[in-house]
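Over in Swiss-Prot, the protein carries these features:
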type     : residues : note
COMPBIAS : 110-119  : compositional bias 'Basic and acidic residues'
COMPBIAS : 129-138  : compositional bias 'Gly residues'
COMPBIAS : 403-415  : compositional bias 'Low complexity'
COMPBIAS : 440-456  : compositional bias 'Low complexity'
DISULFID : 54-214   : disulfide bond
DISULFID : 61-208   : disulfide bond
DISULFID : 65-203   : disulfide bond
REGION   : 110-143  : region 'Disordered'
REGION   : 397-511  : region 'Disordered'
TOPO_DOM : 16-19    : topological domain 'Cytoplasmic'
TOPO_DOM : 93-174   : topological domain 'Cytoplasmic'
TOPO_DOM : 245-511  : topological domain 'Cytoplasmic'
TRANSMEM : 20-40    : transmembrane segment
TRANSMEM : 72-92    : transmembrane segment
TRANSMEM : 175-195  : transmembrane segment
TRANSMEM : 224-244  : transmembrane segment
């Protein structure tokens, strides 16, 4: 049994570097073959020759019949079977141990090279000229050989050597030869003994005088052992076939895919290098859009907010509300009488008339805001002052009726007339509105129609009034009247106009 233990230790080392099916096969070999053969079979087959008897007294006839019945003992036959079947596994184990030893040597040499390399780095300038430099050169020639050998088996994360290359081929040959040995020993057992032992064996080999009967001890027990060992051999054969399928197809496909994957990085490295070189070319395009987005949207927003109110009066038709008129502060523009045709339009009015470009989001008109209570109260207070002024104008009209009508056609000094009112709100400067028709008024004595020059003045003032009254829903119509030159006190008129803070003059009437 000492020899069996030595074989068991060797097979245990091989089990560490085997597949799952290979480990199962080794377990079957250990338990159902070696242990059973060493524990029970020798005792059962121990009296094989001593208890073999024949019914003859002829010397030598019994030995000749035993040799014919059992050309080789079953115990020895099974021992040979175990040895032959285990031999391919032992060869594979030897290959693994060789690889392990080569790896250990490689590591030792690499450590030596690292130590020598560190020493050469410290005294590199003198090492190139000294004799030790040649030795260092030889050391530098070793790493390429070692790098080539590192491509052979490599240990996995569990510390086992991976099957690949020559090691994988060795393992496949190991399985194939084990299968062949199993089949050969099963067939040999069938031809040598068969699968059953009969209690009586007839022998007619000389020197026996005639056919003699020989008797075998414990034939039934021996038959059971034969069948048991045959079943174990069949199980081992089945495991070998499964392992051939597992390695012959799966592992070979893995080897092909692994070789293909090892070759692919070499081909894929060139596109990676190309993309790496093209990165500086592709980086500049994203920069210009960033500059455009930061500068473009900033000026658009204030323009839309400033221009949006311009569209409000355009979307709706002009209308006149019957609300109290609003007074205007005095302005410094020239009177209408000093111009033959029409007063000059201020520069800011021309700016309002010119169309201003509006961006796309401004096309939607905004609703006209309703007047607030503060604005309504303001105009109510102004209406009271205007009513007092109208009373004064009525008195002036009565006095004008008493004067001769010829004086009405006299030219009035330009200083009496008020210039064009100054615009209060910036919206009035920007909104050009359609001119209203000429307005006529009838006095108590005579009716006067507005001249062409005054009509143009009314057109301008009508536009200004519409632009002024549109957002607050209130209009103010001004009628020009002529005063008598002698009956009206200019001081009184100027004081009244200043106290009421209105734009009306002695020759104007607000209706």
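Just so it is clear, glycine is given a Cβ too, placed from its N, Cα and C backbone atoms.
Most Cβ pairs within less than 8 Å of the transmembrane segment (72-92), among stretches 20-40, 175-195, 224-244, belong to 175-195. Shown are the disulfide-bonded residues 54, 208, 214; of these, the residue with the fewest other Cβ atoms within 10 Å is 208. Here the transmembrane segment (224-244) has long-range neighbours at 19, 21-22, 24-25, 28-29, 32-33, 36-37, 40-41, 44-45, 74, 78, 81, 85, 172, 175-176, 178-179, 182-183, 185-186, 189, 193, 195-197, meaning same-chain residues at least 6 beyond its ends whose C-beta is under 8 angstroms from one of its own. For the pair formed by residue 65 (disulfide bond) and residue 214 (disulfide bond), distance between Cα atoms is given as 8 Å, rounded to the nearest Å.
Within 10 Å of the C-beta of residue 65 (disulfide bond) there are 23 other C-beta atoms, taking all protein chains into account.
Residue environment of residue 203 (disulfide bond) contains 19 other Cβ atoms, counted within 10 Å of its Cβ in all protein chains. Restricting the average to the topological domain 'Cytoplasmic' (16-19) gives a pLDDT of 67. Around the Cβ of residue 61 (disulfide bond), the same chain contributes 54, 203, 207, 208, 209, 212, each under 8 angstroms and 6 or more positions distant in sequence. With DSSP states grouped into helix (H, G, I), strand (E, B) and coil, the compositional bias 'Basic and acidic residues' (110-119) comes out at 10 helix, 0 strand, 0 coil.
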